[in-house]
Ligand SMILES: CC(C)(COP(=O)(O)OP(=O)(O)OC[C@H]1O[C@@H](n2cnc3c(N)ncnc32)[C@H](O)[C@@H]1O)[C@@H](O)C(=O)NCCC(=O)NCCS
Ligand SMILES: Nc1ncnc2c1ncn2[C@@H]1O[C@H](COP(=O)(O)OP(=O)(O)OP(=O)(O)O)[C@@H](O)[C@H]1O
């Protein structure tokens with residue numbers, strides 16, 4: 001029987017990557033959709049062509065690397081264009097994620113980390129929550145993005161209410177409720193089913 005696939009999502013700076021790394025230390029294989037998307041955007045020739053057609057040659061630097069800063073500056077202020085990029089990237093990442101799942105048949109369960117998540121594809125969904133002001137502080141420190149740039153990304157993401165509708169489990173990563181205990185408890189629960 002294939003292992004269950006648990007989705008983990010949260011807004012920018014919520015801490016979903018940090019929390020996914022704790023699960024990974026506990027021995028759970030983690031698929032990081034944002035990282036794989038960037039790898040595929042650089043290395044999959046069909047996707048490269050498709051994005052160059054949509055965004056123009058500036059989407060890639062002369063070195064061949066994906067010009068993330070330039071693309072970010074265009075798409076996070078343009079929901080229609082971001083939707084177009086997603087429509088091209090998502091099916092490729094989905095296919096890659098399905099291939100990855102098949103390679104981990106022995107795991108207790110699998111974790112699929114993504115900034116964008118829909119109901120239906122996963123056995124259960126974990127949502128990582130943190131107050132918006134704290135998320136902004138974390139990302140400023142991590143990325144050096146401006147507050148305006150972070151707020152424009154937040155405006156493009158699901159709202160806290162939309163995310164909580166998806167949640168089977170919530171991890172509160174708000175600097176008050178110890179996160180390690182929450183992860184250990186949830187891991188024990190997920191292993192026992
Ligand atoms: C827009 C891009 C160039 C921004 O790259 P950059 O390195 O500057 O930032 P990064 O990827 O770390 O994203 C910054 C924040 O925005 C979030 N984010 C990224 N893509 C999206 C999106 N399509 N919708 C909403 N939020 C997004 C990230 O989770 C993170 O919280 C890049 O993320 C991208 O090409 N995204 C579109 C395709 C994609 O990755 N989709 C998600 C996985 S399937
Ligand atoms: N509980 C915490 N205590 C201290 N620092 C934290 C905590 N949670 C997250 N951080 C830090 O905040 C920053 C954002 O966390 P992380 O990168 O995990 O968020 P994310 O939800 O994956 O964000 P993104 O959507 O941008 O990828 C990181 O630098 C991380 O180390």
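Any Cβ shown, glycine's included, is placed from N, Cα and C.
Some features that TrEMBL has for this protein:
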type	residues	note
BINDING	13, 14, 15, 16, 17, 18	ATP binding site
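Ranking the binding-site residues 14, 17 by C-beta neighbours within 10 Å puts 14 at the top. Taking the centre of the Cβ atoms of 13, 14, 15, 16, 17, 18 as the ATP site, the nearby residues of that chain (Cβ within 8 Å, site residues left out) are 10, 19, 128, 130, 138, 173.
For residue 15 (ATP binding site), the same-chain residues 6+ apart in sequence whose C-beta sits under 8 angstroms from its C-beta are 128, 130, 138, 173, 179.
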